[in-house]
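Per Swiss-Prot, region 'Disordered' is recorded for 1-48. According to Swiss-Prot, the feature compositional bias 'Low complexity' maps to 7-16. Among the features that Swiss-Prot reports, compositional bias 'Gly residues' is placed at 32-48. According to Swiss-Prot, the feature GTP binding site maps to 59-66, 106-110, 164-167, an assignment based on similarity to another entry. If you look up Swiss-Prot, you'll see Lys180, Lys251 marked as ubiquitin cross-link. Per Swiss-Prot, S-palmitoyl cysteine is recorded for Cys259.
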Amino acid sequence: MAPQQGRPALPARCEPPAAPPVPPRRERGGRGARGPGVSGGRGRAGGAEGRGVKCVLVGDGAVGKTSLVVSYTTNGYPTEYIPTAFDNFSAVVSVDGRPVRLQLCDTAGQDEFDKLRPLCYTNTDIFLLCFSVVSPTSFQNVGEKWVPEIRRHCPKAPIILVGTQSDLREDVKVLIELDKCKEKPVPEEAAKLCAEEVKAVSYIECSALTQKNLKEVFDAAIVAGIQHSDSQLQPKKSKSRTPDKVRDLSKSWWRKYCCLA
């Protein structure tokens with residue numbers, strides 16, 4: 001399926017701003033390391049040996065989810081907006097010297113896909129819950145729609161709250177259109193507070209156009225996804241040791257009881 005392209009239209013009631021300039025395509029190897037302990041190349045499709053991390057992007061339609069993925073995996077920026085149904089990308093990175101395949105699942109945010117979208121949630125290690133910082137409506141839906149949906153299907157999966165289109169915070173045309181609707185960009189402090197309330201791992205603002213904080217978003221997703229995957233293995237080990245621990249505690253308690261008697 002062809003990837004979504006172009007700056008998405010704002011989901012708010014305001015008219016969208018003029019399309020931003022398209023940055024030149026960069027060489028894949030020109031951006032350096034992918035954060036502490038995380039490095040490697042990126043690309044669509046393909047696979048890699050080693051462990052995998054499944055990352056699902058959710059959020060209202062037209063907030064720029066696909067633009068994040070395309071910008072991250074290709075170092076380019078889409079020039080045309082085509083609503084996404086569902087799409088999969090992959091990025092091979094190195095974590096502590098070991099290959100990790102980051103599977104990126106781009107989902108549709110429109111209501112007509114509400115019944116199909118959860119089919120992508122199976123075995124998800126990390127959710128990137130996206131809203132546009134210049135769309136108060138998409139921010140409101142974080143708590144009203146998206147967190148309940150995620151918790152209903154994947155109650156233990158971690159969430160990173162992502163504020164997209166941060167490059168439009170100071171865009172004059174966008175601010176004028178928002179003012180016509182008596183609205184303003186979502187305050188960063190309000191987004192951070194929301195992240196705390198929904199118990200998200202963190203809140204990160206980024207821009208697919210300028211790539212500001214783009215790698216931080218996916219680095220955080222990789223780390224949180226690996227931690228979640230590892231934590232899912234711990235209960236099994238703990239359960240097998242529980243009877244032994246109970247017996248040891250019982251023996252210790254019995255010895256103390258005998259001494260007191």
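From the backbone N, Cα and C atoms, a Cβ is placed for every residue, glycine too.
Source: prediction; values computed, not measured.
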Calculate the distance in Å between the alpha carbons (Cα) of Gln110 (GTP binding site) and Lys180 (ubiquitin cross-link), and round it to a whole number.
25
Give the distance between the Cα atoms of Thr107 (GTP binding site) and Lys180 (ubiquitin cross-link), rounded to the nearest whole Å.
31
Should Gly59 (GTP binding site) be counted as helix, strand, or coil on the basis of DSSP?
strand
Taking each of the recorded positions Lys65, Lys180 in turn and counting other Cβ atoms within 10 Å of its Cβ, which one has the fewest?
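Comparing Cβ neighbour counts within 10 Å for the recorded positions Lys65, Lys180 gives Lys180.
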May I ask you to report the DSSP-based helix, strand or coil state of Gln110 (GTP binding site)?
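It is coil.
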Counting other Cβ atoms within 10 Å of each Cβ, which of the binding-site residues Thr107, Gln110, Ser166 scores lowest?
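Sparsest of the binding-site residues Thr107, Gln110, Ser166 by Cβ contacts within 10 Å: Gln110.
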Other Cβ atoms within 10 Å is the metric here; tell me which of the binding-site residues Gly59, Ala62 scores highest.
Gly59
